Amino acid sequence: MEKAAGSPAAGGSYPQKNAEILSCQYGINLFLAGLLLTFAWAVHAVGISKSHLLSYLITLMLIQLLWMLWYLCRSCTQRRLIRDKDTHAGACWLKCGITLFAVITLILDSFKIGYYIDFSNCLSPTEGIFPVTHAAHTILQVYFLWCHAKDIIQSFKTLERFGVIHSVFTNLLLWTNGVLTESKHQLNEHKERLITLGFGNITIVLDDHAPQCNCTTTTLCSIFSQGIYYLYPFNIEYHILASTMLYVLWKNIGRKVEHHQQHKTPFKFHGITVGMIFGLIVLTSTIAIVVVYLIQIGRSKIKSELALTMFYLHAIFVLALMCTAGVVALLIYRLEDRSLDNSKNPARKLDAELLVGTAAGSWLLSWGSILAIICAQAHPKYTWYNLPYSVLVIIEKYIQNLFIIESIHREQERANDDIKTLRIVTVSRGSTLSLTPSYKEIYNGRAARDIGELPCLFSSSICARESDGSGGANEETSQGNSSVMHSASEFSFYSRSSVADNKRRILKNIAAFLFLCNLSLWIPPAFGCRPEYDNGLEEIVFGFEPWIIVVNLAMPFSIFYRMHSAASLFEVNCKT
């Protein structure tokens, strides 16, 4: 009988589990087909052109557009229904961030349209259709995520699983396409700079996909072609953020949630002045370093070596500060006794997995640099700075990942119970004490019936009782003892409250400082300041092509790690 009773419920879960597995396999195959097509275009495979790749991406975007329109129309018809929401998914600051990246992506699309118009004589029509389709896809997707990122879908679940996973892998393919295009541009610039560093033994062959015709307006063509590559980092971040938000939506399909409200945690600048000041100093200095680096690198061997030395010294100083801040934050956590929230939360689980997974990109590059320094026969002076830099990159990510993951798993601090306990006011020359009941007693309806009985406070045996027939001496003694013990308890409470406030203030300043530092460390690789390319030592030890492949595979994850860490630290600051 037990088996029969349990079988319907168990059997009912099989179709949904199968739908999850089937949709996941569909998305992976969709992604692998696009990935191979992208790779074939990158290596100039016979019979594969850029138009084939763009046609595939356009088709995927059009399918996603149709699904999003269908979902939005169905949601409008059912707008009166009460739907479950995942309060942890689609935070407002995350939506604002993806909107900012989307706006810059639209500017990028407009540049591509202008570029196509100027070279329309020798470009495929797909290169003009792609940015138009991509712009429409971006606008509708951002609207969709603003309105429905928190949805927990309970109807048409099988169909919706395929629609959402299609959207996830479409964005991943667009991200891959952007990463590859930007990497090819950076690689061409890197090859041109290698000669100035004295590495003439490396074969320099530019991988050029430039149009084979003249531009109709030379000035505009130059603006469009150069501007496109400066906007690509924002386009890359936009697509990876969109794919993560859509993945959380996919994981939430059919999920049953507990109906409790999450406390809103708005961001406040109050109390984080120190962290913001130091963080802004790091951000400003990093921008200055990047500008000088891009100007000096490739001009001459001496200038290139000075630019690399300057970059390494600045990065070593920043990473050392970040390690110190992270250790202080972890020590504060060890001094606190607060439980962890282990409830099921797809958004939080994905955040932790992305932190560790994308950190592997930086770790791979760092270990490659360490091995190159150990194994190289000749060591230019500037390459020795690479050793502490690489070691600090590994250590800093260890510490920062631990701090962020523990922070997002810690239960949100509730209002201190001591603040909401009974407030006792001693009345001069009175035999009774006035009472303000706690919010818990009001909620439980106990305040009214406990008028004649005052509860004990702070585990002391101090309870105020009305004295019937007591002498004046006993009354004065009782009031004196109550005042003394009340003052001691109040002093103990305020001292503990002050310590807790100081800890929280330090943690908020550390989170704000690390937030700005991660934004600072995102800027150099995103905008072409990549010493892994330019110092040349790794390319001598591992070979030019193998090391370039490693850098091109690992660098996108390293760049995404910094932006994702900044987003997670912003959440930590709001939560602390």
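Heads up, the Cβ atoms here are built off N, Cα and C, so glycines get one too.
Feature list (source: TrEMBL):
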- 26-47: transmembrane segment (TRANSMEM)
- 53-72: transmembrane segment (TRANSMEM)
- 93-117: transmembrane segment (TRANSMEM)
- 129-146: transmembrane segment (TRANSMEM)
- 229-250: transmembrane segment (TRANSMEM)
- 271-295: transmembrane segment (TRANSMEM)
- 311-333: transmembrane segment (TRANSMEM)
- 354-379: transmembrane segment (TRANSMEM)
- 506-528: transmembrane segment (TRANSMEM)
- 540-561: transmembrane segment (TRANSMEM)
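Through the fold, the transmembrane segment (311-333) approaches residues 278, 282, 285-286, 289, 293, 382, 385-386, 388-389, 392-393, 395-396, 399-400, 402-403, 406, 410, 503, 506-507, 510-511, 513-514, 517, 520-521, 524, 529, 531 of its own chain, all at least 6 residues removed from its boundaries and within a Cβ separation under 8 Å. If you count C-beta pairs under 8 angstroms between the transmembrane segment (93-117) and each of 53-72, 229-250, 354-379, 506-528, 540-561, the highest count goes to 229-250. Between the transmembrane segment (229-250) and the transmembrane segment (540-561) there are 3 or more Cβ pairs closer than 8 Å, counting only residues 6 or more apart in sequence, so the two stretches are in contact. When each of the listed stretches 53-72, 129-146, 271-295, 354-379, 506-528 is scored by C-beta pairs under 8 angstroms to the transmembrane segment (540-561), 354-379 comes out highest.
Here the transmembrane segment (506-528) does not touch the transmembrane segment (53-72). Their Cβ atoms form fewer than 3 pairs under 8 Å, with each pair 6 or more residues apart.
Between the transmembrane segment (53-72) and the stretches 129-146, 271-295, 354-379, it is 129-146 that has the most C-beta pairs under 8 angstroms. When Cβ-Cβ distances below 8 Å are used as the criterion, the transmembrane segment (129-146) is approached by residues 54, 57-58, 61-62, 64-65, 68-69, 71-72, 90, 95, 98-99, 102, 105-106, 109-110, 112-113, 116, 167, 174, 238, 242, 245-246 of the same chain, each at least six residues removed from its ends.
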